[in-house]
Amino acid sequence: MKILIIEDDLETAAYLSKAFREAGITVDQASDGDSGFFLASENSYDALVVDRMLPKRDGLSIISELRARGDDTPVLILSALGQVDDRVTGLRAGGDDYLTKPYAFSELLARIEILGRRKGSRSEQETTYRVGDLELDRLSHEVRRAGQQIPLQPREYRLLEYLMKNAGQVVTRTMLLEHVWDYHFDPQTNVIDVHISRLRSKIEKDFGEPLLRTVRGAGYMMKAGG
Amino acid sequence: MLSTTAVRLSALYLGLFALCAVALVFYITSISVGMQHDRTQEIILSELRVVATSYRRGGITGLVRTIERRSRQPGANLYAIATPSGELIAGNTASIAPGVLDLEGWTSTPFRYTRLGDAEDEEHLALAQVVGLPNGMRLMVGRDIGEREQVRGLVRQALVRALAIMFVGALAIWFFVGRRALRRIDHMSEASKKIMAGDLSQRLPVSGSGDEFDRLSLSLNAMLGRIERLNEGLRQVSDNIAHDLKTPLTRLRNRAEAALSADGGAAAKQEALEQMIADSDQLIRTFNALLMISRVEAGSSTAQMSDVDLSGLARDASELYEPVAEEAGISLVAQIAPGITIRGNRELLAQALSNLIDNAVKYAADAPASEITVSLARASGGQVRLAVIDNGPGVPANRREDVVKRFVRLDESRSKPGTGLGLSLVHAVAALHGGQLLLDDAKPGAEENPGLAAVMALPGWT
C-alpha cells in the first residue's frame, strides 16, 4: 500500500512516515498544500492523509479539487479542530474519514488500512461475509457458525457485520462507536468492551476457534486461523 | 465646538425656525399689502366717479372747481389737472414724477410726488389713475400709499425682533438641553474609557429619568454585566485548567522519571509507558471536553441544528450502556415515550445523555440493589424531559449549583475516573437548546442514598 501524507509539521510528518513504514506502508510526504496537491494529482495513491490547516493551500480545498477532477482516492483528514461541525464540513468537502489531533497512531493506522484497502475489500454488494466457519447473511440478517444459527440482537448484528466487513483489519473502539452507534465522541466508560464480550460469548462460547481477537492497545480484529 | 452635536442641532433648528418665520411674514405682508392695494384702487375709482359727474355737468370749469374743493379736504387723496405740456394747473400736488401723466389708466408702480405746501424735498409715494381729457389735458386722481409702506415697515421690524428672540431661544435650548445631553454623552465616553482601560466593574451613569440616554446606558450596562460574567468565567476556567491539568501532567512526568530509574527491567518499563499513554489520553479527553464546553457555550453549534428523534436517541444510549450497567450489577430501565422529536444537535444531545448515564453508572454502582432509569416524557407546556435517575448517594441540595461548574467534583478523593466536566457539558448543551439541567433528589427525604434525578428540561416542538 502506498499513501501520501500532507502535513506541515515536519516532526509529526517524520514520525508518521517512520511509523507507517514500520507497518509496511510506502509513504510520500508533502509539507504544503501546493506540493501536496501536485503529488496527489500526479501519482496514484491508495490513501491520502491530509492536514486540514496547511501553508499555501488548505486541506479541504485540495480534497474538493481532487474530487472535482474525479479522483476518488480515499482521504483521511487530520485536524486540530475536533468539534461536531468541523467534522461535518470536512466530510462534506469529500473527506472519507476524520481524525482529531491528538490521536493515537494505532487509531490512524487502523483507519488508513481500512481506507487504503477499501477498493480491494469486500464491497457493499457482497451478500455474505465469511470468517472461518462464521457466516453472516446480509440479506436475511442471519448469522451461522458451523452451520448452526446464532440469534443476535439488532445492534449485535451490526457490530458483527462491521467487524466482518473489515475482517483481517484492526477496528478501533472509536471506529465501532462511529459506525455502529453513529457516536462521534468517546464515552468515559469503556462501553464497547462489554458489547464485544457479549458478542464474543454468543459467537465463540460453544465453538472451538476464537475469531474475534483483541489487539492490545488498538482494538479488535476478526480473523480466522493462526 | 462646532463639531458637537448640540451646536449642530441648535443651528439646524434655528435655521428651520427662521425659514418658517420668514415664509409666514412674507405671506402675511403680501396678503395685507394686497388688501390695501385693492382698497386704494376702490377709493380712487369712487373719487373718479365723483369728479367725472362734475365734469359732465359743468365741463372743464366744473371739473377744476370740484378738484380745487376736494384738494382742500384733508386726507390721503391726490388730485391733479395738467396741461398738455405737463404744467399742473389744479389739485394738491406740487410735482409728480416725470412720465406718470403721459400714460392713461392705472400707474403700474407707485410713483413719487410732492404735496402742495410741503418742502420741496419731501417726497411721497402714491398710486393713481390718469384720464385724458378731450382738449389734451390730463386728470389724475390718486392716493398716497405711505400708510401701506408703514405697515410693511412695521411687519419687517416685527420679523427682525422675532428672529432675534428665536436666536436667543435657540441659544438657550442649546445651553440647557443640548449641552446637558452633550455632557451626559461625555460622561458615558469617559466611563467607557475606564472600562476599556480594564476596569470591567465600571458602569455607565444612569440618571433615572428613563429617557433614551438612560435606556442606552442600561442596555450597555447589561452588556457589560454579561461581559464581566463571561470574563470571570474565563478567568475561573484558566485557573481551573492551571490547577486541574497541572496535576495529571506532574503525575505523568513523575511516572516517566520513575520508569527511567526503574529496576524492574523491560516489563516494568513497558507497564509504565502504557500507563503514561493512558494518562495522556485522559488529559486529551479533558482538553477536548473543555473545548467542547466552551464552544457549546459560545453557541457555535447552533448552525448544525436539525430535527432530532429524541426517543430513538434515548433508546440507543440506554442500549449502549445497558451491558456496562449490568456488568456493574446495576439494572438499567428505559421508560421512553415514543415519537418525541425536537430541534437540536443530535451529537451534543447524545453526548449529554451519555454523560448523565455515565455518571449514574459510576456513582450508583456502590448502592445496594442499584437501578438506573432513563426516561423521556412530555411535560406540561410542550416541554420535553429527558431524565436519568439513579439511587446512588445523590448530590446534596447545597452543592447542586457547584457540580455543574467545570472541574467541580463531589468526590474529593477523586477515586472515580472522570474529568469533572461531564455535568458542565450537559448544562451547556441544555442551555444551547433553550432548556436547563435540573438536579434533584430521586427519592426526596430518604436518609441514605436519596439518589439523583438529573433532568434535561428542553423546549419541545413549537
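Here, residue 1 is simply the first one shown, and the rest follow in order.
Each Cβ is built from the backbone N, Cα and C atoms, and glycine gets one as well.
Since we're looking at a predicted model, the values are computed, not measured.
Taken from TrEMBL, the feature domain 'Response regulatory' applies to A:2-116.
Every protein chain shown contributes to the tally, and the Cβ of A:ASP51 (4-aspartylphosphate) ends up with 24 other Cβ atoms within 10 Å. Per TrEMBL, the feature 4-aspartylphosphate maps to A:ASP51.
The DNA-binding region annotation in TrEMBL covers A:126-224.
According to TrEMBL, the domain 'OmpR/PhoB-type' annotation covers A:126-224. When the domain 'OmpR/PhoB-type' (A:126-224) is classified with DSSP, helix, strand and coil residues number 34 helix, 25 strand, 40 coil.
For the domain 'Response regulatory' (A:2-116), residue counts in helix, strand and coil come to 54 helix, 24 strand, 37 coil, using DSSP.
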